[in-house]
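**Q** Before I ask anything, here is the structure I am working with.
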Amino acid sequence: MLMEEEKKWVARVEKRRAAQEAARASTSEETNAKHTEKESENYECSSQMVTYKLTVATGVDEDAGTFDYVYGTVIGELGQSQQTALKNAGRDSYHGCVGEYDVNCKAPLGDIWFVELEKRNYIGDDWFCRFLEVKCPDGSCKRFPCYRWFVGNVTIRLREGSAKKIKDEIAHDFLLHREKELQERQQMYRWKAWRPGIPKCIDAKSENDLPLDHRFNYQKTSDFKKSVHSA
């Protein structure tokens, strides 16, 4: 009787083990099939993508680099690219860095109008960007001057660097960009009134109330302080 029970138990164990192995093999086949299908989709997708080369230049001062996250989007007359993390192997956006990144689009963007940069806090590290360049698939290249500090979580849209008069603007988007810049500057550069209608000085209690772009840099400030102490 005991031998029969042992045989039944062994048979059940072997049957369960066989079922587990069959299930494992089936799962492996399904996983491989999904991976193959996904790879095929990715290849198909990548073969249809249009790639723009985005070059980003960080300031050369020691405190110009950042550990925060930086993203870029290329915007043209026919649409815009995917938002792309500006990240290569190793550290990016250190002082003096000039990095090149692939920005993918589902279709050509036509004439390139803007590049949008976004910085998101990781450790809350300010970043100074000098300029950007966009190299198009046809080999043409456009340069976007920046020379600004990115403080905190901020998004800045830059237009191509060719100087133009308002009457020469060919698209409504450029006029909206001009208007937004004007409103930002009017908010930034305000005057205290000495008497009604008579300005006194800029509306700021100290230099720390001014945007970082309009203060002396760290090295210059240090030189001033050294000069004061040595005087």
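Just so it is clear, glycine is given a Cβ too, placed from its N, Cα and C backbone atoms.
From a predicted model like this one, the values you see are computed outputs, not experimental measurements.
As annotated by TrEMBL, Ca(2+) binding site applies to Gly65, Asn88, Asp125, Asp126. The annotation compositional bias 'Low complexity' is assigned in TrEMBL to 20-30. The annotation compositional bias 'Basic and acidic residues' is assigned in TrEMBL to 31-41. Annotation source TrEMBL lists domain 'PLAT' at 50-164. Marked as domain 'Lipoxygenase' by TrEMBL: 164-231. Here TrEMBL flags 19-41 as region 'Disordered'. According to TrEMBL, the site 'Essential for stabilizing binding to COTL1' annotation covers Trp149.
In terms of burial and nearby residues, how do these features look in this structure?
**A** Neighbour list (Gly65 (Ca(2+) binding site), Cβ cut-off 8 Å, at least 6 residues apart, same chain): Thr58, Gly59, Ser93, Tyr94, His95, Gly96, Cys97, Asp125, Trp127.
Looking at the domain 'PLAT' (50-164) alone, the prediction's average pLDDT is 92.
Cβ neighbours of Trp149 (site 'Essential for stabilizing binding to COTL1') (same chain, under 8 Å, six or more residues apart in sequence): Asp126, Trp127, Phe128, Pro211, Leu212, Asp213.
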**Q** Inside 10 Å of the Cβ of Asp126 (Ca(2+) binding site), count up the other Cβ atoms and send me the figure.
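**A** Taking every protein chain into account, the count is 16.
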**Q** Per residue, counting other C-beta atoms within 10 angstroms of the C-beta, which of the binding-site residues Asn88, Asp125 reaches the highest number?
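**A** Max Cβ neighbours within 10 Å, all protein chains included: Asp125.
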